[in-house]
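Read through the structure below, which is laid out as structure tokens, and then see the notes.
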Amino acid sequence: MNIRSNPETTRAAVTTGALPSSKKIYATPASAPDLRVPLREIILSEGAGEPNLPVYDTSGPYTDPTVVIDVNKGLPRPRTEWVKQRGGVEQYEGRDIKPEDNGNVGAAHAAKAFTAHHQPLRGISDAPITQYEFARRGIITKEMIYVAERENLGRKQQLERAEAALADGESFGAAVPAFITPEFVRDEIARGRAIIPANINHGELEPMIIGRNFLTKINANIGNSAVTSSVEEEVDKMVWAIRWGADTVMDLSTGRNIHTTREWILRNSPVPIGTVPIYQALEKCEGDPVKLTWELYKDTLIEQAEQGVDYFTIHAGVRLQYIHLTASRVTGIVSRGGSIMAKWCLAHHKESFLYTHFDEICDLMRKYDVSFSLGDGLRPGSIADANDRAQFAELETLGELTKIAWAKGCQVMIEGPGHVPMHKIKINMDKQLKECGEAPFYTLGPLTTDIAPGYDHITSGIGAAMIGWFGCAMLCYVTPKEHLGLPDRNDVKTGVITYKIAAHAADLAKGHPAAQLRDDALSRARFEFRWQDQFNLGLDPDTAQAFHDETLPKDAHKVAHFCSMCGPKFCSMKITQDVRDYAAGLGDNEKAALYPVGHAGMTISGTIEDGMAQMSAKFKEMGSSVYLDADKVKESNKALS
């Protein structure tokens, strides 16, 4: 349902309430009984004969009926106490908000400011601040315990098939365990193979983990532009995206009210929020890349870190010496951040200040535990440009920068393409693992063909499923509006569902031990014609039921043993059920006709010819119909027995 909890404001309503036949539940880790780890339990029908199914849940408090949602106040901030209890931080006043933070917007167009103010925290001295630093020192944090419980989906007792699932998959060298422990989480973070993006100032965050030995995650992009959208719409899109399964959200706003938009999103977001700081820095210098300076950019990093942004995309790999490599490309430089830095480098004929000041960037981000998302500013924007020297030269530099960031105590993931045909995808994954020390890979698709404007959620979903299988840790969604316009909330949902499919398909292929439980539950519901369970076990129950109701809308149709595709007489699953019922009621002589001599189904001696003749006579006796009434079959079998 939609609610407007404070009618005195102009804040837009956001979507709340549980998904169909679902309820919010919480798991409690044995090692931290004070933690409440959210899950969604899908409630199956009484006739299912199996337990309800817990699934991973990204929706935050918005689907918990016991929580009163007021976007004007924001979400609760329990993580702030975790951070303070660990020590090594100080609370301070923070920088003042400046007019340029919101693009010098005039009063007529200024968005309402978020009224609740929280003094920011920052790290002090050499005490560990980041999850990477704690992990390297052998310390298991509450965040690590939290994500371990989340990854196991609160169902340790249901993972008896875990070893079989792992053996069935092809993980391409990933080390997915049968069960995730907090110690395993700590070890993966310490190795740099996983990150928990969790700024110490994002107290509303429900921690999650990104790494190839965990569930494949997806990101949804939102954000305004200079020509469209508002703060209200972006907050609504964020809540809508996480409802359908977005694990993280990036605010890519480039228009007015950037600071205010981001504050509203962060204070109401239970998932990590990422940004591309160069976008806001550009707005502060009238949109002219040539006017950018290190000082301006640094101030922007501090501004966003104090607000609580969990990861920054930083295009530090776009170096002056690589720009000429893009000259022969079909589509040149397609990354906004990459093109901004390329223009700055050429205008000043200097090395990028993101590269030359990288050490300082690390020191700044460490104080807040902002994770790096090292941007691929030279990613290919067409399949013709895939895997060229410009793309891979930048990737090699990102590998060098990763080692510097680790040495400084920062968490790191690496961004990837882009537009890559299917036969060139795996080399991207393999090269990234080699060059970047197995740091998590985070890709935009990739799009596998360039011929489908309006359907690029599909062209990219194909590539996303493949690279997720090969080891990519997080997939950035693409919506139907890609290359065409700013996505609305319908596009956001389509993009999220498409990428949930891709991520889940990758987990199945890798042999993730918990992945197939939901598939099997839905398959059983499908075979048993439990229509409501089919809808509710799916990623999008509303759409599934709407499609079914277009042709079979009555309640009686929800228990029918057919759908409108095949009708009552040609449903393969109905026929199979009839065959099973029929076989179960056969006498011994009849079974002899169905099974070869020596088959386990043949329990007494007898000639096959006699059995076949008997069954032929019975077929004629019952009307020579291929499709038989089950009750008549049972009566006939009783007469024969």
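Cβ atoms here come from the backbone N, Cα and C positions, even for glycine.
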Query: Can you tell which of M144, M250 Swiss-Prot lists as binding substrate with N221, Y279, H315, S335, R336, G337, D376, G377, L378, R379, E415, Y442?
result: M250
By Cα-Cα distance, the member of binding-site residues Y279, S335, G337, G377, R379 nearest H419 (Zn(2+) binding site): R379
- prompt: Using DSSP and three states only, what is G337 (substrate binding site)?
  reply: helix
Span of N221, M250, Y279, H315, S335, R336, G337, D376, G377, L378, R379, E415, Y442 around substrate - largest C-alpha separation, Å: 20
Statement: H483 (Zn(2+) binding site) to S335 (substrate binding site), Cα to Cα, whole Å, comes out at 12
Message: Within a 10 Å radius around the Cβ, which one of these binding-site residues has the most neighbouring Cβ atoms: G337, G377?
response: G377
Query: For S335 (substrate binding site), which residues of its chain lie six or more apart in sequence with Cβ-Cβ distance below 8 Å?
result: H315, G375, D376, G377, L378, R379
Task: Could you say whether, by DSSP, Y442 (substrate binding site) belongs to a helix, a strand or a coil region?
output: strand
Message: So if I draw a 10 Å sphere around the Cβ of H483 (Zn(2+) binding site), how many other Cβ atoms end up inside it?
response: 13
